[in-house]
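As written in Swiss-Prot, here are the features:
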BINDING   HIS110, ASP131, ASP135, ASP214  Mn(2+) 1 binding site
BINDING   ASP131, HIS133, ASP214, ASP216  Mn(2+) 2 binding site
Amino acid sequence: MGLKFAYSKDPSSLKYLSNKKVFGLLGVPFDSTSTYKPGSRFGPLMIRQASYNFENYSLHYRKKLDVPIIDLGDIEVILGDFKNTCRNISEKVQEVLKKGMIPIVLGGEHSITYGVVKTFDLSDVTILHFDAHMDMANTYAGKKFSHATVMRRIYELHPKKIVQIGVRSCTKEEHEFVLNENIKYYTSRDIIEKFNMVLNEINKLDGPFYVTVDIDVLDPGYAPGVGNPTPVGITPYHMEKFIEKIARKKIIGIDIVEVATDRIGDPAAMNAAKILYDFLFAIKI
């Protein structure tokens, strides 16, 4: 395979890690439903590249990286074919789960999250959705499966709860839908203006959690290289504080999506890698 995530272990080491929480990392270089800025197919590579910019020690947590992560490479995608790409995603995630690993998936556009979460029994799972957009359209550009419809399709899988964090863009129909279905959301202004209140509300939630992070949840000043940049976003500090709370609880999977750049050093890729490291440092093993 090509470039691996920094500090990741060889797959052959899995047999020696049976007593530890192990993360299996997969890339999904798919962006065929992108509608504004394509390029998230380069996201897995750019996040891996950015991972080498960080130390394996956290000054904040006063600890070395002690959670094993095994980079399993990229899933085969068929550009222009969501259905078969989604099938490939689900099959690979099932393999990761059968090996007792927790999946971390790097996109790619946000539609790929559907292929990941449909492998789980979601009846007791809370989906934590960090995003600038609600992604609750029933159809978008004539398609039922799209980066703009992904959370609507996930809602139809009947998770215990969906909580949307950092949203600031939607259609009238999407807003009416989340209100009618009692889907909880916190806007970016809620977070900026009432951060401690929102943080406490998130801390009260029960896991297990599946966490999906569209990097455009960050303000474009921190993450310009995304598929749909939207001003008045949250900051990396807000993300770090959310992760501190979330990582104390049971997490069944994580994805980070919509890094849309092919430029080494792009802040979107750097922040995506930092978010992943924050989870790995904060999670208890």
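Yeah, the Cβs are placed from backbone N, Cα and C, and that goes for glycine too.
Look at ASP131 (Mn(2+) 1 binding site): DSSP puts it in coil. For ASP214 (Mn(2+) 1 binding site) paired with HIS133 (Mn(2+) 2 binding site), the C-alpha to C-alpha distance reads 9 Å. Neighbour density for ASP135 (Mn(2+) 1 binding site): within 10 A of its CB lie 28 other CB atoms from the protein chains shown. Comparing local CB density within 10 A for the binding-site residues HIS110, HIS133, the maximum falls on HIS110. For the pair ASP131 (Mn(2+) 1 binding site) and ASP216 (Mn(2+) 2 binding site), the Cα-Cα distance reads 6 Å. Each residue contributes its Cα atom, and for ASP216 (Mn(2+) 2 binding site) and HIS110 (Mn(2+) 1 binding site) those atoms are 11 Å apart.
Recorded residues HIS133 (Mn(2+) 2 binding site) and HIS110 (Mn(2+) 1 binding site) have their alpha carbons 11 Å apart, per Cα-Cα distance. Each of HIS110, PHE130, ALA132, ASP135, GLY166, VAL167, ILE215, VAL217, VAL226, ASN228, THR230, GLU258 belongs to the same chain as ASP131, HIS133, ASP214, ASP216, is absent from that list, and has a C-beta within 8 angstroms of the C-beta centroid marking the Mn(2+) 2 site. Shown in sequence order, THR113, HIS129, ALA132, HIS133, HIS147, VAL150, MET151, THR212, ASP216, VAL217, VAL257, GLU258 are the same-chain residues outside HIS110, ASP131, ASP135, ASP214 whose Cβ sits within 8 Å of the Cβ centre of the Mn(2+) 1 site.
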